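Colleague: Quick paste of what Swiss-Prot says about this protein:
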TOPO_DOM  1-105  topological domain 'Cytoplasmic'
DOMAIN    14-81  domain 'HMA'
BINDING   Cys25, Cys28  Cu(+) binding site
TRANSMEM  106-127  transmembrane segment
TOPO_DOM  128-136  topological domain 'Extracellular'
TRANSMEM  137-156  transmembrane segment
TOPO_DOM  157-163  topological domain 'Cytoplasmic'
TRANSMEM  164-184  transmembrane segment
TOPO_DOM  185-198  topological domain 'Extracellular'
TRANSMEM  199-219  transmembrane segment
TOPO_DOM  220-358  topological domain 'Cytoplasmic'
TRANSMEM  359-381  transmembrane segment
TOPO_DOM  382-420  topological domain 'Extracellular'
TRANSMEM  421-438  transmembrane segment
TOPO_DOM  439-723  topological domain 'Cytoplasmic'
ACT_SITE  Asp476  active site, 4-aspartylphosphate intermediate
BINDING   Asp669, Asp673  Mg(2+) binding site
TRANSMEM  724-743  transmembrane segment
TOPO_DOM  744-755  topological domain 'Extracellular'
TRANSMEM  756-774  transmembrane segment
TOPO_DOM  775-790  topological domain 'Cytoplasmic'
Amino acid sequence: MPAAIVHSADPSSTSILVEVEGMKCAGCVAAVERRLQQTAGVEAVSVNLITRLAKVDYDAALIEDPTVLTTEITGLGFRAQLRQDDNPLTLPIAEIPPLQQQRLQLAIAAFLLIVSSWGHLGHWLDHPLPGTDQLWFHALLATWALLGPGRSILQAGWQGLRCGAPNMNSLVLLGTGSAYLASLVALLWPQLGWVCFFDEPVMLLGFILLGRTLEEQARFRSQAALQNLLALQPETTQLLTAPSSIAPQDLLEAPAQIWPVAQLRAGDYVQVLPGDRIPVDGCIVAGQSTLDTAMLTGEPLPQPCQVGDRVCAGTLNLSHRLVIRAEQTGSQTRLAAIVRCVAEAQQRKAPVQRFADAIAGRFVYGVCAIAALTFGFWATLGSRWWPQVLQQPLPGLLIHAPHHGMEMAHPHSHSPLLLALTLAISVLVVACPCALGLATPTAILVATGLAAEQGILVRGGDVLEQLARIKHFVFDKTGTLTQGQFELIEIQPLADVDPDRLLQWAAALEADSRHPLATALQTAAQAANLAPIAASDRQQVPGLGVSGTCDGRSLRLGNPTWVQVATAKLPTGSAAATSIWLADDQQLLACFWLQDQPRPEAAEVVQALRSRGATVQILSGDRQTTAVALAQQLGLESETVVAEVLPEDKAAAIAALQSQGDAVAMIGDGINDAPALATAAVGISLAAGSDIAQDSAGLLLSRDRLDSVLVAWNLSQMGLRTIRQNLTWALGYNVVMLPLAAGAFLPAYGLALTPAIAGACMAVSSLAVVSNSLLLRYWFRRSLNHSVSV
């Protein structure tokens with residue numbers, strides 16, 4: 001199966017996804033990115049710790065075989081393979097180690113911890129089990145813990161050290177290995193007078209495995225939205241094998257066979273029973289029913305459908321059997337596009353993550369340096385300057401007396417080396433680059449998933465962060481603030497031509513156009529039962545109009561300046577109506593007056609934005625009087641309107657606003673909005689808009705409702721706040737815990753950490769970041785119920 005390769009506009013530039021297994025912290029991410037960026041031909045790299053994916057842009061002329069990328073990653077000690085499928089509906093959400101295996105390792109570690117602790121408890125209760133109070137027994141338990149449940153962690157840590165890319169696992173290896181080796185030396189050479197603490201590796205690995213198991217479960221829950229989307233795609237369907245030989249009226253009862261959805265092709269006929277989900281985008285050829293389309297449109301009520309209606313994959317058939325002719329299947333369906341958009345959004349990094357990446361890239365080296373300095377200081381100067389610390393057992397530290405096999409709270413008065421080693425180990429294991437690495441991607445993962453549930457498709461974490469900072473919203477008028485469903489209210493002939501013929505010419509010029517004004521003219525011609533006529537040499541100029549030839553006449557249809565009748569005396573109409581002018585080479589022929597209505601939610605959305613301190617403007621190609629009339633209906637001042645603007649001027653207007661220091665969000669739907677959408681800091685397109693507008697936007701509102709703008713803005717601000725909370729926690733944790741573990745508070749307050757307690761703190765730190773990101777779901781849903789609905 002070919003790898004999932006996407007070619008860009010540049011024929012030599014290619015993007016590919018690489019699945020990377022074994023990354024545990026931001027240090028791992030930094031190591032993979034650094035190694036790939038050093039590979040000749042690689043142009044850009046983005047690695048996501050949560051999804052375990054690396055997106056690599058490379059020059060295909062320099063890298064003919066992309067497997068060299070996986071070889072580079074494997075050289076760091078990680079498992080890597082090219083993603084083998086580009087259909088987002090058939091892909092796993094993330095390469096997460098099987099929880100069943102992880103739980104088994106945790107269970108073994110917990111058993112070893114209980115047995116180890118039982119030896120101590122039995123001694124305290126004067127009922128020790130035979131042998132459990134002996135050093136060799138605890139040495140055996142520690143060995144089992146290292147070679148059993150802790151083996152994968154230690155192997156990954158060693159690979160990182162060996163390849164010059166130390167990571168979180170490397171810190172655990174150094175910490176547990178140091179404790180184990182020191183205890184082993186004390187056991188084998190008791191004459192040295194060292195003490196043993198074999199329990200520390202057992203307790204440390206137990207806490208780390210517990211934290212990672214809980215963390216993986218939390219990560220899995222953080223992808224709930226993507227899981228829900230994937231669940232909408234059925235695995236099998238009922239395929240009609242010979243539909244061409246079946247009469248249309250018999251299709252509903254025709255025999256069908258179970259068929260994998262992944263093998264469906266355009267043109268196939270499928271039967272969809274009540275209670276089944278539709279597997280393809282297509283057209284109903286037999287039957288009528290009701291559909292649950294809430295997944296795509298947000299409409300809570302069932303929608304009726306009949307022959308000729310188009311349906312989308314993932315929608316639920318509620319009442320009667322349907323036969324559907326497939327038009328788009330697999331990765332071409334609208335559902336697949338939504339899943340792909342969400343997955344790509346979760347892969348793209350937010351700018352705020354660069355800060356965490358800059359720290360995490362060298363974090364492990366810094367921790368190792370601090371641990372070495374801690375050991376050297378307390379083994380020499382520290383114990384001399386503050387000898388009283390040698391009389392204080394570290395809280396929670398249980399040490400074995402080497403000569404008697406008995407446990408005791410052992411003072412450190414004769415062993416500065418033991419104190420130094422214990423504190424150095426604590427430094428190694430308390431440090432948490434995982435929290436730094438998880439702070440941003442987990443929040444983005446949850447936020448983009450929540451957005452998808454609300455019908456908001458976000459292109460990436462960078463878009464989400466930028467939207468949170470927006471304070472200036474610019475709306476297109478037609479089809480955005482208005483419903484885009486124009487009605488022809490008057491034809492005003494300005495030459496001796498029959499009005500019906502004028503309408504036929506206008507409809508012919510606008511044939512095949514999706515613009516709302518064009519649709520209104522075509523609808524009016526059909527309603528008048530006017531026969532369609534052909535137009536030749538049609539040429540559309542976005543934002544101005546269309547030209548062509550009808551009945552031998554060279555015609556222009558559009559705004560008055562473009563049809564070159566600016567010097568003519570133009571008739572006036574309703575201030576709220578929109579005019580389209582028709583002219584030939586000689587004269588102005590007609591004026592068509594059309595009227596649109598504001599969206600029902602438009603006024604409330606505009607006022608809600610303004611009440612929260614945002615500036616709202618209207619940017620329209622329509623005439624000034626029409627745009628101002630709409631603004632007044634929405635409660636806006638006429639000064640907020642910029643009208644009669646060409647598409648390129650829209651982009652210039654957005655650029656001018658942003659040059660004043662304002663980050664601007666542009667909301668539009670048409671071809672003429674595409675330049676402005678691309679120029680704005682955040683472009684927002686409605687689902688009913690043109691493909692060009694959607695491609696130019698950073699956000700797509702698939703439910704085609706303006707109140708989704710409010711929802712997206714609110715969610716982006718909550719997401720950015722969660723990211724800042726996570727980063728503050730991750731940085732604050734390390735700033736506080738590293739000095740505590742290094743013994744900075746030991747002389748004055750007698751406070752320090754044992755390695756086991758340090759390991760528990762490290763596990764809790766990562767879990768806290770993931771849990772805080774998951775809380776975003778709760779706070780967001782609560783906000784929907786209280787302040788966002790309009």
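From the backbone N, Cα and C atoms, a Cβ is placed for every residue, glycine too.
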Colleague: Please compare the binding-site residues Cys25, Cys28 by how many other CB atoms fall within 10 Å of each one's CB, and tell me which has the fewest.
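Modeller: Relative to the other binding-site residues in Cys25, Cys28, Cys25 has the fewest Cβ atoms within 10 Å.
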Colleague: Is it true that the transmembrane segment (724-743) and the transmembrane segment (359-381) have 3 or more Cβ pairs under 8 Å, skipping pairs fewer than 6 apart in sequence?
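Modeller: Output yes: the transmembrane segment (724-743) sits against the transmembrane segment (359-381).
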Colleague: Taking only the Cα atoms, work out how far Asp669 (Mg(2+) binding site) lies from Asp476 (active site, 4-aspartylphosphate intermediate), in Å, as a whole number.
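Modeller: Cα-Cα, rounded: 8 Å.
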Colleague: Which whole-number value in Å describes the distance between the Cα atoms of Asp673 (Mg(2+) binding site) and the residue listed as 'active site, 4-aspartylphosphate intermediate'?
Modeller: 7
Colleague: Looking only at Cβ atoms, how many others are within 10 Å of the one on Asp476 (active site, 4-aspartylphosphate intermediate)?
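Modeller: Excluding its own Cβ, Asp476 (active site, 4-aspartylphosphate intermediate) sees 28 Cβ atoms within 10 Å.
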Colleague: Counting other Cβ atoms within 10 Å of each residue's Cβ, which of the binding-site residues Asp669, Asp673 comes out lowest?
Modeller: Asp669
Colleague: How long is the line from the C-alpha of Cys28 (Cu(+) binding site) to the C-alpha of Asp476 (active site, 4-aspartylphosphate intermediate), rounded to the nearest angstrom?
Modeller: 45
Colleague: May I ask whether the transmembrane segment (199-219) has at least three C-beta pairs under 8 Å with the transmembrane segment (359-381), counting pairs 6 or more apart in sequence?
Modeller: no
Colleague: If one measures from the C-alpha of Cys25 (Cu(+) binding site) to the C-alpha of Asp476 (active site, 4-aspartylphosphate intermediate), what distance in angstrom results, rounded to a whole number?
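Modeller: So the alpha carbons of Cys25 (Cu(+) binding site) and Asp476 (active site, 4-aspartylphosphate intermediate) sit roughly 44 Å from each other.
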Colleague: So which residues does the topological domain 'Cytoplasmic' (157-163) touch in its own chain, when a touch means Cβ under 8 Å and the partner is 6 or more beyond its ends?
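Modeller: Distant Cβ neighbours of the topological domain 'Cytoplasmic' (157-163) are 28, 31, 75-78, 169-174.
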Colleague: Can you tell me which of 137-156, 199-219, 756-774 gets the most C-beta pairs within less than 8 Å of the transmembrane segment (421-438)?
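Modeller: Between the stretches 137-156, 199-219, 756-774, 756-774 has the largest tally.
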Colleague: I'm checking region-level scores; what's the whole-number mean pLDDT for the topological domain 'Cytoplasmic' (1-105)?
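Modeller: When the pLDDT values over the topological domain 'Cytoplasmic' (1-105) are averaged, the result is 76.
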Colleague: Does DSSP put Cys25 (Cu(+) binding site) in a helix, in a strand, or in coil?
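Modeller: SS state of Cys25 (Cu(+) binding site) = coil.
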Colleague: Residue counts in helix (H, G, I), strand (E, B) and coil for the topological domain 'Cytoplasmic' (220-358), per DSSP?
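Modeller: Tallied per class, the topological domain 'Cytoplasmic' (220-358) gives 51 helix, 38 strand, 50 coil.
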Colleague: Which of the three DSSP-derived classes (helix, strand, coil) applies to Asp476 (active site, 4-aspartylphosphate intermediate)?
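Modeller: Asp476 (active site, 4-aspartylphosphate intermediate) sits in coil per DSSP, no helix or strand.
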